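What TrEMBL annotates here:
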type     : residues                       : note
DOMAIN   : 7-432                          : domain 'THIF-type NAD/FAD binding fold'
BINDING  : Cys153, Cys156, Cys432, Cys435 : Zn(2+) binding site
ACT_SITE : Cys168                         : active site, glycyl thioester intermediate
COMPBIAS : 203-214                        : compositional bias 'Polar residues'
COMPBIAS : 215-224                        : compositional bias 'Basic and acidic residues'
COMPBIAS : 561-574                        : compositional bias 'Low complexity'
COMPBIAS : 614-624                        : compositional bias 'Basic and acidic residues'
Amino acid sequence: MASSQHLSAIKGSKVLMVGAGGIGCELLKTLALSGFQDIHIIDMDTIEVSNLNRQFLFRQSHVGQSKAKVARDAVLRFRPQISITSYHANVKDSDFNVDFFKQFSVVLNGLDNLDARRHVNRLCLAAAVPLVESGTTGFLGQVTVHIKGQTECYECQPKPAPKTYPVCTITSTPSKFVHCIVWAKELLFAKLFGDKNQDNDLNVRSNDAASSSNHPEDVFERREDEDIEQYAKRIYDHVFGHNIESALANEETWKNRNRPRPIYVKDVLSDEPLQQNGISDKIPPTDNLSTVSAMAYLGLKNPQDIWSLKENSRVFFAALKLFFSKRQKEIGNLSFDKDDHLAVEIVTAAANIRAASFGIPLHSLFEAKGIAGNIVHAVATTNAIIAGLIVVEAIKVLQNDTKNCRMTYCLQHPSRKMLLMPVEPFEPNKSCYVCSETPLSLEVNTQRAKLRDVVEKIVKSKLGMNLPLITHGSGLLYEVGDDLEPDEVANYEANLEKVLSELPYAITGGSIITVEDLRQELVCKINIKHREEFDEEKEPDGMVLHGWTPSAAPAVENDNDAATNNGASTSSTSKSLPDDMEEDDELIIVETGIETIPAGKKRKLSDISNSETTDEKRAKKIPEQLEDDADVVVMLDDGNENGNNDIS
């Protein structure tokens, strides 16, 4: 039974929940049953069929409706006396500003991406409202408490970064199915349906005799007199046949590797027209583009079946035809979306055909989607455990019992005979630019770098500011906002294209610029240090920011599959899970990265000496055995000197 003190703290509170997915459904139910009277929920998502296996407040009839609203209605049916306010919106919208956050006693996060988490963290700091963060991935979970001035903020420590693969592995020497998925998703799909002008490592040079020898055509450009069947055959033969043939010419590449086999349409499907291979000209009429499916088109029913090479080829042709016949207007602007069933189908088929070429086992659409969407299988029980722990910590915060607040980790295997590992929160990181306002330092060539480079590579990408404002001295150099006059917008756009040293208020070595995000109420000062040269491989941005908390070093896979460190700090994570993995529509909700300890730091808590640094203490206090169940993939150009082994 809750004490009267507990009940008083609960009933007098006003709580904001951000996220109504896997954790959010459990959390809202637990808050309501624990006696909370005033709850607000923000979630921008709508309910999908695949959510129903774990987000228990939703039913089949709710598909397509707002998660926040349906969750509210579901809970009010068994707790009609409490107040629940739902917002079907993005937490980064201007309506949810610092003043909005100030009205709450505590904020409870159940988000699925790093950018939104950082945004909420900054608003909570600006509003001086405690934040309880959470996340689950498979059997693993964590709950952390962040109180301004008393504990570290969400951004005080590095966040796990995705596993990365060199471009040469993806384009030339794949040895795992995940390599084929990345190739199909990031290269082939992007070239077929994305912006044709974007750089792409896919080999698009045609060997067609009709092409000029001096100016080989881009094979992905559809010819005026070419029907979709001819175009599809040409693409298939190029990427699965010609490109493999070209690569095989480089004997050095295959000395210690299994040689791939080129695959052409005539080898897999008969010479008869594609219509006689199950790919007819008749396309079922439909106005709902989300229901367009190559599987349904071909009569394939079970997504867990592993298709043969012939079936994968048929799916590839059918999906390509459906894109061009039903979704023609989208072509040129598409990017891969794991919730786009037709996109998943063509990526699965292409990845399997490439896998067959390289002797890699084929996978089902179910498995391929999991890899393509950075997915770990969901465990609903973990969400329930974490939701309960969030409420426990929230009650402590509401009672001002911060000395008993704990970061709690849910483990897959017992550690010290415990599956739940509580750890005392850490003090704020004095070098954190978000909560400690420590000045940053930027090394940059002020005579070559443009203001746009600083805005895109530093201010937005690394500092996570959405609406930045940049000043130097008394001069305003750049601003974003809806209330700007047209001439102001033009002026700031012009500044973006100017070299730093040629701006109206010139930025040179020794300058101090101020960068702020008015919505987040975050202000950073950056000391500029001029530097002439940068290592293109190690410092690809052409500038280096010091004093911020970067993502921990991603695991980098080289050509012989040995994991290596790319030179970045590994002070807080070795095996890491990504923070930007998103909720999957069939398998899982992956709502956070999970912190792990670095190798070589496994010691008992009792062994920690008073002389150790905060980082060392942190490493030893965090649970030891948290496993990475997902391959999260990013292509990394590793500067491989073997420039000739070009399979794309």
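Every residue, even glycine, has its Cβ placed from backbone N, Cα and C.
Those TrEMBL annotations? Automatic predictions, nothing curated.
Cβ-based neighbour count (10 Å, all protein chains) for Cys156 (Zn(2+) binding site) stands at 23.
Reported as a whole number, the C-alpha separation between the residue listed as 'active site, glycyl thioester intermediate' and Cys156 (Zn(2+) binding site) equals 35 Å. All protein chains considered, the CB of the residue listed as 'active site, glycyl thioester intermediate' has 24 other CB atoms within 10 Å. For the binding-site residues shown (Cys153, Cys432, Cys435), fewest C-beta neighbours within 10 angstroms: Cys432. Note on the domain 'THIF-type NAD/FAD binding fold' (7-432): its mean pLDDT in the predicted model is 86.
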